């Protein structure tokens, strides 16, 4: 019983970690918005 619960917890934890990694990747991809060239154009 305890082993089954432990396996379930590990599975959930892995799922959450994968989701967080995906979210951080998406944020990093979006980050290059204000590039130095654009800043120069704005000035």
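Numbers run from 1 along the shown chain.
Every residue, even glycine, has its Cβ placed from backbone N, Cα and C.
What TrEMBL records for 1-25 is compositional bias 'Basic and acidic residues'. Annotated region 'Disordered' per TrEMBL: 1-43, in sequence order.
Counting only same-chain residues 6+ beyond the ends of the compositional bias 'Basic and acidic residues' (1-25), none has a CB under 8 A from a CB of the stretch. Note: the compositional bias 'Basic and acidic residues' (1-25) comprises 24 helix, 0 strand, 1 coil (DSSP; helix = H, G, I, strand = E, B).
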